[in-house]
């Protein structure tokens with residue numbers, strides 16, 4: 001048993017000792033590399049040596065673009081590579097160790113920062129370990145969530161596209177000390193933002209059209225005599241997906257605004273109801289305009305396309321309210337206040353209705369006749385007016401109850417003459433009834449004249465109402481045409497506002513992987 005235990009311990013030692021030896025070699029290698037190593041000094045053999053630093057940006061998520069704050073939020077991986085001659089070793093001396101993981105705080109870093117950040121976070125979010133290789137090359141892949149500034153052009157909102165940039169530069173070193181380069185893989189320069197299909201999460205509001213990358217030296221702020229200034233700029237040209245705004249703002253706004261045009265189908269005299277509907281539509285449009293104002297930046301450089309459309313609809317609605325007031329004013333005119341000229345009658349009652357497809361009532365030929373039947377109550381009212389106009393002495397009757405029954409008295413007197421079967425009695429009865437007959441004739445003439453005047457008054461009233469209807473129909477065609485043409489014209493402007501086919505005008509390169 002003792003021999004077997006010793007054999008087992010020997011075998012375990014053979015399995016464990018290589019791992020211990022390897023781990024000790026990594027520790028020894030790290031200790032040897034960090035001896036007399038100063039992370040604050042640039043890894044250059046000579047003072048004029050320029051250190052090459054390659055960059056590659058991998059986009060994992062386009063989180064959001066806040067138009068109001070003009071902020072682009074992205075989740076990226078920044079791949080950086082450079083060479084440090086102080087971190088070289090011979091793998092044969094350290095059990096063939098081919099790479100070493102070292103905390104990034106222990107080695108020299110090129111201090112690459114995002115220049116156009118908006119929240120003051122210039123540096124990397126998480127300082128991960130760097131990979132060091134025997135030839136002294138260093139590979140660093142830290143993750144970061146950046147909030148960069150992005151100038152928003154709201155002219156065609158919500159059918160717009162934006163060109164956002166992420167500008168990287170060294171915070172400490174100029175182009176005379178380090179050389180920022182784009183990564184080269186398989187002999188090809190990666191002149192674009194790399195997107196890993198497996199790790200990338202597509203944004204629901206924005207579609208990426210172009211993602212080129214460029215290096216810029218000595219931008220307009222510096223002259224060649226100054227210390228060389230270099231940047232690596234990654235561009236994100238993105239197109240908005242407008243479906244959300246079409247469904248939730250544009251379509252409801254168009255439907256509500258079309259109700260303002262439908263008020264022309266109300267009667268011409270219903271001006272109050274027309275104004276009520278139009279003002280309610282105007283209030284709804286104001287609410288939509290307020291919602292848009294909460295979304296876009298507070299800028300006076302341009303007016304959003306949807307803001308222009310809502311303003312256009314508000315102007316149309318206000319014009320409809322003005323039209324309703326004018327039509328109501330015309331429809332309620334009377335001969336006592338306005339007289340219609342022949343030119344107005346010819347244009348608005350004969351000429352325009354033919355072109356507008358309106359059926360106007362035809363005038364009856366011959367002498368004017370009463371077009372409506374009058375009730376007996378109306379005749380009695382006219383008789384009362386006549387009695388008030390005549391002197392009291394001429395309206396004395398035998399009985400007060402017969403004051404409103406002139407014909408009854410006349411017929412009773414004539415009837416007594418007929419009952420006597422005597423011509424002399426009949427003539428005498430006619431002579432007795434003659435004052436009442438004259439009064440009846442005068443009353444009938446007064447009623448006929450008053451009825452004729454009332455018919456003429458009503459006829460001219462109806463003519464003004466017809467003029468109001470014609471004005472209403474003309475305004476309907478104008479406003480409907482303006483509404484349709486304006487809607488189509490404004491949104492056709494959005495249709496032609498597409499992201500460019502190439503990222504840079506005049507440059508035929510697509511800056512995309514082959």
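Backbone N, Cα and C atoms are what each Cβ position is placed from, and that goes for glycine too.
Worth saying up front: this structure is predicted, and the values here are computed from it rather than measured.
Note on Swiss-Prot: of 177-198, 199-220, 309-330, the range annotated with the feature transmembrane segment is 309-330. The candidates are 163, 449; Swiss-Prot tags 163 with the feature N-linked glycosylation site. Each of residue 56 and residue 465 belongs to a differently named topological domain in Swiss-Prot, hence to opposite sides of the membrane.
The CA atom of residue 150 (disulfide bond) is located 8 Å away from the CA atom of residue 163 (N-linked glycosylation site).
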